[in-house]
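Student: Submitted below is the structure of interest, expressed as structure tokens.
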Amino acid sequence: MEQQSQLERLGLFDARVPRYTSYPTAPHFTPAVGEPVFRDWIAAIPAGAAISLYMHVPFCRRLCWFCACRTQGTQSDEPVRAYAKALLAELDMLKSALAPGVRLSRLHWGGGTPTLMPAEMMRLVAGAVLDAFPLAEGAEFSVEIDPNEIDEARMDALAEAGLNRASIGVQDFDPEIQKIIGREQSFEVTKRAVDMIRDRGIASLNADILYGLPHQDPHRIAESVQKLLALSPDRVALYGYAHVPWMAKRQVMIPSEALPDPHGRLRLFETARELFLADGYDEIGIDHFARPGDGLARAQKAGLLRRNFQGYTDDRAEVLVGLGASSISRFPQGYAQNAPATGAHLARIRDGRFSTTRGHAFSAEDRWRSRMIEALMCDFEIRAEEFIRDHGFDAESLSRILTPVAAHFGDMVDADASGLRITPRGRPLTRMIARMFDGYDMAASGHSAAI
């Protein structure tokens, strides 16, 4: 109860803060980064480099009301085929713009619903990608799989293409909650998809589950987590549902009065967290869990965990190139985002141009602030040695930045000459502590609840 009172006093239950999957966050991107800048950054990638590639497929058969992703519904394959054709054209432009010998350390298909593509289309797209950019040794090819939109033929196509990590969205297994959030997907349908994945020898399975959904209570989320544990995923993301109907209009379908209050959200998170830990998962960052042998767990132990748009990653590539509408690329120089609207993106590609419409070029200050935020989000610690060595700080200048944070959060953090650490009892405040290192105006955009 004392911890709850402290968390409340520090504003956890009222705050809205970024998830910090990037810094600066996407609302601060500007049109100053367009296609010419994107081409310059692509040209700077050295020959033979290993990069990551993300391909966005923005289509779904149905629109889930809880989802805030850039997606659109279609009952026909024709828009998907036209989009896949544009992906191939964009891929060809990218290959022409890059130095020779570039390989992939990670290939990820997300959406939307990538498994909406028919099997022959999957083979065509995967073949084109791997012809252009072979997989590096130890590379990971992952795809977001909708259990409602997968069959044997499509799973065969993915397995033959080299899929070695599958990701499925669960959200919640309670039928009443599923109906309210517009995502009906039974445990049996989900298990069938998992069995198809395992039967083909696909080594790793990710799953997403949400807390903070309408009518969720500790008993209901415990039942959903126990069903998920029966499927034995290697990695789990336990995300807080972000109710932002002013940004994601479809969320108006979800009754806000049925949502748990912030104290209830924390109880839901803690209930699920305790079950994952009891089942032998390692806790990764603020909201992920992984089997001890999973790459995320190994990266965390080695101090190599990183933050990206999917949450947490063990990918060490310096460049992530995003293909498709709304995709965001990350370079050592900054971020570049494609046109969010599918039509605008396709028009640019048809004209033989990349669709980069906005982004952000890093300043020196962005770099150290970004690294401090990432260090807190991944390791719950800012090490003074790193920032003195890599970012030009001395002990006094670093202390001027860390001391006010330590004073504000009291015994939720420890601070001394070696740096600043978030204590275990302070970890629910991690995003709020990270916000203290954010140099941008929080009022410029809306964000999700801090818990």
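The backbone N, Cα and C atoms fix where each Cβ goes, and this holds for glycine too.
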Student: Suppose a student reads Swiss-Prot and sees F66, G112, T113, Q171, R183, D208 listed for S-adenosyl-L-methionine 2. Which of A32, A139, A242 should they find annotated at that same site?
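Tutor: Candidate in the recorded S-adenosyl-L-methionine 2 site: A242.
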Student: On a C-alpha basis, identify the one among C60, C67, E144, I328 that is nearest to Q171 (S-adenosyl-L-methionine 2 binding site); the candidates are the binding-site residues.
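Tutor: Comparing Cα positions, the closest of these binding-site residues turns out to be C67.
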Student: How far is it from T113 (S-adenosyl-L-methionine 2 binding site) to C60 ([4Fe-4S] cluster binding site), counting Cα to Cα, in Å?
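Tutor: That comes out at 5 Å between the alpha carbons.
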Student: Return the maximum Cα to Cα distance in Å (whole number) over the record's S-adenosyl-L-methionine 1-binding residues: Y54, G111, E144, I328.
Tutor: 17
Student: Pull out the binding-site residues from the set G112, R183, A242 whose C-alpha sits within 10 Å of the C-alpha of C60 ([4Fe-4S] cluster binding site).
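Tutor: Matched binding-site residues: G112, sequence order.
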Student: C64 ([4Fe-4S] cluster binding site) to A242 (S-adenosyl-L-methionine 2 binding site): how many Å between their Cα atoms?
Tutor: 14
